[in-house]
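Written out below as structure tokens is the structure these notes cover.
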Amino acid sequence: MSRFKVSKFRHTEARPSRREAWISDIRAGTTASCGNHIKSSCHLIAFNSDRPGVLGIVPLESQGEDKRQVTYLGCHSDLVTDLDFSPFDDFLLATGSADRTVKLWRLPASGQALPSVPGLVLGPEPVQVEVLHFHPTADGVLASAAGMAVKVWDVAKHQALTELAAHGDLVQAAVWSRDGALLGTICKSTEAHKNGKDGRLAWTGIQEHLVSTGFNQMREHEVKVWDTRHFSSALASLTLDTSPGSLMLLLDPDSGLLILAGKGESRLSCYEVLPQQPALSPVTQCLLESVLRGAALVPRRALAIMNCEVLRVLQLSNTAIVPVSYHVPRKAVEFHEDLFPDTAGCVPASDPHAWWAGSNQQVQKVSLHPAHRPHPSFTSCLVPPMEPSLDAAQPAETPVGDTDPSEGFSSPLSSLASPSTPSSLGPSLSSTSGIGTSPSQRSLQSLLGPSSKFRHAQGTVLHRDSHITNLKGLNLTTPGESDGFCANRLRVAVPLLSSGGQVAVLELQKPGRLPDTALPTLQNGAAVTDLAWDPFDPYRLAVGGEDARIRLWRVPPEGLQEVLTTPEAVLTGHTEKIYSLRFHPLAADLLASSSYDLTIRIWDLQARAEQLRLQGHRDQIFSLAWSPSGQHLATVCKDGYLRVYEPRGGPEPLQEGPGPEGARGARVVWVCDGQCLLVSGFDSRSERQLLLYPAEALAGGPLAVLGLDVAPSTLLPSYDPDTSLVLLTGKGDTRVFLYELLPEAPFFLECNSFTSTDPHKGFILLPKTECDVREVEFARCLRLRQTSLEPVAFRLPRVRKEFFQDDVFPDTTVSWEPVLSAKAWLGGANGQPRLISLQPPGMSPVSQAPREAPARRVPSSAIYLEEKSDQQKKEEVGPGEGWPMWACTGSWLHLVIAFSSLVQPRLGHEPVSHFSRFGSSLGRSSRALKLTHGVQDAGSQGRAEEASSGLAQSKQSQVPLGPWHIFERLRQCAETAALGLQCCESACL
């Protein structure tokens, strides 16, 4: 080839897309890493969001005129450092993270929910993963770089085929050659570029040639072309401008076009790599409207071939993804083979075993000619596709009740299909009170999955008049096992930071600003670790201390007026500080406590003595909880086990099961009428998660695991047994998660969460009797802030609030009356709590409310059939042409449309909606009979023409036509179409 041959890309134009084609309203991440922050397959785009560990997923092409919706995938508990799509499977995504793991995800097609768990997890590595790259010829081979080592994985077997550790510094890039035989790497301290800042690497269309980018000693961007047979010096070098951001390298080996994109810059530079000379020939430059945060190439199989689009770059900015197309102007609209040579297909040539054994078989190439499409497709078996549930949600018909108009539909999919969306879909066991579901609604529920009737719940901070403000000196360092404060229906107990373990007692019935002077307190004598109100005695408070003692305090009925220094009783027996305190739910004077001595002790407060002792824990006890029946007690421990005890049956656990993997803290609570245990904790990568266990079979592990987010504090669950709702938040959080729990799939139904502008220090649920039932308030909580205490009401929007919403408020437990005495329970007795209705006096249940009849919109035909006097007929004559004024009213239009609706279905023609659009223009009989001409029936057409002719003659002779005359003409047409006047009348009604 002559070195002076003109390039076919010399006239290439860069065309940034119009704003309508942008993927807007995103928030891209700007964290420094060795990746490009965005990747594309032939169907999907994945990019780093501004939330650590979360990727945005969006279709590459829009579907019709609909705007592309961005969904979010919670991948890791830390920053996503790199990502890569499989070259064979467009929906297989690999992600690497600072949490030191590599995960593979099977992404669904557009419109389906994103997975909540990865298909495969590789690692963990000793340090964070920096680079990922799929093998170009073998499915299931993946290269990853972490620190100074590069591993080649057999993904299917979860094992590394080899580890390349001969690097002296951090590996910044690792790329496969086109034939998959060689792996090129570049590390921080390299001779390729004198400066140790970010470097990039790519193979050209020639097997032996590489292109690298980096910085020289003057901190200038430079690009070099290398021959793998002679690494002593570069074949070609190009020096660019000075910029602090790394220079991303996007190379298309088929065309030889190279895109250079500097992070933090607003320019794309296009070069052609000429390996025969070798040289880098400039092609064009493109100025961008916004700063680059990342860039990716769209695969050639997804380009607009007939428009001569030779490249498409996706620019990731702070708020949008902007496609930039590179076109070669050609006059003829045809396939240009010189611009689009055959490219690698999407069917792999070998598997990991064959490739590792030495096979160098290449991927079969495919033509890009539109006539040769579609190309063969391939679905990798590494992560099987998600199968749709066979038993799609079919909610049962329910009585008509009072509900929001949208009740019965699933909530629309949020833009964040995040970790908070369970992957399994099944029938919902929750009642969907309200209007009955139609077949179309049921099919929509089958598509989107079941939904909770509480999904539209609204959390609202109540008026400032109900706040307690000017709180000072709060103890915000209580142990993670404690809620931080406690409350009953009368008062709140809050630990203070002052010495001596002081506890302030505030009256809920006396909101307002507290005085600036010191409050009267309980002098506990030791730092407070946990505290709890007696559910059957609202004036008794149990306080656990670091001195291993439990003190029982008696608060006067009028409130705390002075400092109390002497408790009612002191319980001693534990040898280490107290963890947590829990009163028995049914028996009076019975308290369970856990301690650092790894025991749980059950106390008879009447006798002020220890009665039972439970053991079997090998590490710190994070939490304990009584079952609703009071017969069992569950614990979750730092040793990684969940245990259930039958305290009266023996000191050893009745059963054990695996608990959360993380050792940072956990909580346990009984849910679903005691059938299940809900545990909130952390996984091995410090991601907060929920685990739902069957109470009768802990050894089999959790029924479902739901990942939420990454935060340092343990999620504190508050469970409402009446609605099966759990509220979850942590100390220092600003968000309260809300889920309805089911004992069967899908287990977790997400509802609207409550978000505040500033973090709270504690969040607890008040008794159900404190809710304002008339406002459909199903939960009342207290939110502890730095200097105030605020009530938060959770309400459900309903239309007919004048009725008692009995589907939301079932009979509730009388939690303030004991069922048993401590002595009776210790003797083996059991009991059931009494239930009461929350229905206010004077309100009727919505289930018994009369169904609202639809308003009559069409007048009775009697209006038109009654005999009129001559005087009435004269009054009906309109001005001008002597036309009846009533003919221009809506009643006459209803009659004509009703008549047409009777004729049309019989003859198989268009429905009434076809006629209704003429309603605004109908005013005279000639136009009305034009509608009857739309009925294509020979017999009726002749009679209609006759009627039209008769009416025209009447009009010409200025004979006024009353309602009866018009109706008689229409009746004649109806008879011709074998429809009687009686049917016409019923249609009008």
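Heads up, the Cβ atoms here are built off N, Cα and C, so glycines get one too.
As recorded in TrEMBL, the features of this protein are as follows:
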DOMAIN    3-64  domain 'DUF1899'
REPEAT    73-107  repeat 'WD'
REGION    377-446  region 'Disordered'
COMPBIAS  406-440  compositional bias 'Low complexity'
DOMAIN    447-512  domain 'DUF1899'
REPEAT    571-613  repeat 'WD'
REPEAT    614-646  repeat 'WD'
REGION    837-880  region 'Disordered'
COMPBIAS  865-877  compositional bias 'Basic and acidic residues'
REGION    932-956  region 'Disordered'
Legend entry - Other parts of the chain folded back onto the repeat 'WD' (614-646), taken as Cβ under 8 Å at six or more residues beyond its ends: 480-481, 579-580, 582, 584-587, 592, 594-596, 598-602, 652-661, 663, 665-670, 673-674, 677, 679, 681, 693, 695, 698, 714, 721, 820, 825, 830
Legend entry - Rounded mean pLDDT for the residues that make up the repeat 'WD' (73-107): 91
Legend entry - the domain 'DUF1899' (3-64): DSSP-derived helix, strand, coil residue counts: 3 helix, 21 strand, 38 coil
Legend entry - Tertiary contacts of the repeat 'WD' (73-107), as residues 6+ beyond its ends and Cβ separation under 8 Å: 29, 31, 33-35, 39-44, 46, 48, 52-57, 114-116, 118-134, 136, 139, 142, 144, 146, 153, 155, 344, 346-348, 378-380, 382-386, 417-420, 683, 685-687, 707, 709-710
Legend entry - Within the repeat 'WD' (614-646), residues counted as helix, strand or coil by DSSP: 0 helix, 17 strand, 16 coil
